[in-house]
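Database features, via TrEMBL:
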type	residues	note
ACT_SITE	GLU221	active site, proton donor/acceptor
BINDING	GLU155, HIS173, GLU221	Zn(2+) binding site
DOMAIN	101-225	domain 'VOC'
DOMAIN	231-355	domain 'VOC'
Amino acid sequence: MLRTVTVPSLSFSSSTHLKVSTQNTSYLAPHSLKLSSPYINKSNSTRTVTCNYSPSRRLALLQLGTVIPQSQFLSGTLAPARSSEVTDQNVLEWVKNDKRRMLHVVYNVGDLDKTIKFYTECLGMKLLRRRDIPEDRYSNAFLGYGPEDTNFTVELTYNYGVDKYDIGDGFGHFGIAVEDVARTVDLVKAKGGKVTREPGPVKGGSTMIAFVEDPNGYKFELLERGLTPEPLCQVMLRVGDLDRSINFYKKSFGMELLRRRDNPEYKYTVALMGYGPEDKNAVLELTYNYGITEYNKGNGYTQIAIGTDDVYKSAEAVKLCGGKIIREPGPIPVINTKITACLDPDGWKSVFVDNVDFFKELE
């Protein structure tokens, strides 16, 4: 028998309008939503809000006698409890057939105009859209090699007054496929860019590569490759347990293990994970350095956004595989785009975005 639960109204207060903890500036709280401590980082350098939706917090907010998962709220009534492990298995099977794609990668920059200039003039990207949100004191820009509805893009975020970020040692680099690495490096040098590794074969392999840095210190690996529909091809993150990470991304994210390479001479192993062949799709490159289990993630790199047909099932799959949900699935106020945010076992953040809602945003 279902019973009706009355949820008391909630009020929040703060002296400033801040972004929610997904850190994906595409999905913001409305101006009227003000959040207060202890979940606010009051540092003027970040202007972010950490909203941890733990069961104990929901219990305190709802003032109920028992913890009720968000998925059981349906128009003010309680839905039947989720059943057995058969249901769990169904969720993981559903993940394999979900229509998923890496949408964009989000990170903070200290000078938006300078960064856009470098990406367009040196790396050949196009500025797809740009917006300024003065009431929330930030601007962002989307850049890439094709439309957002078909291509992987970068989302740059500039927070007013913050000109530098700690990139940390956990984030590795972005990868860009180019037809001629040496020619691209010459262009970067001509424009005053920084080259940190001259063109040459990759360690232990034959692929020609080079490394350059953008004005904020983010590294880009240039990979010599023929024409590809997805030049922005990699995001490299370092992890403490490669087998654990591979298992997590395969089961909960539905990614394929495309390639794994061990290089004992240089004491590292890499695994490429993604939703299709690496020569046609953006991939996640996970790197394990022998004996290192933890990294400083800094505050520059933020997250990857991934499209899904169902954010609720996506969140359930993450929980089943040992991930942590830091933003319960549901619509963002005002724009109504449904998202959920999670952390992998190493603490790297991803956001799942409803496919239909994402295309509506682009319209």
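Backbone N, Cα and C atoms are what each Cβ position is placed from, and that goes for glycine too.
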As a whole number of Å, the Cα atom of HIS173 (Zn(2+) binding site) is distant from the Cα atom of the residue listed as 'active site, proton donor/acceptor' by 7
Whole-number Å distance separating the Cα atoms of GLU155 (Zn(2+) binding site) and GLU221 (active site, proton donor/acceptor) is 18
Around the Cβ of GLU155 (Zn(2+) binding site), other Cβ atoms found within 10 Å total 23
GLU221 (active site, proton donor/acceptor), Cβ-centred 10 Å count of other Cβ atoms over all protein chains shown, is 21
For the domain 'VOC' (231-355), the DSSP helix/strand/coil residue counts are 22 helix, 57 strand, 46 coil
HIS173 (Zn(2+) binding site), Cβ-centred 10 Å count of other Cβ atoms over all protein chains shown, is 19
The predicted model's mean pLDDT over the domain 'VOC' (231-355) is 97
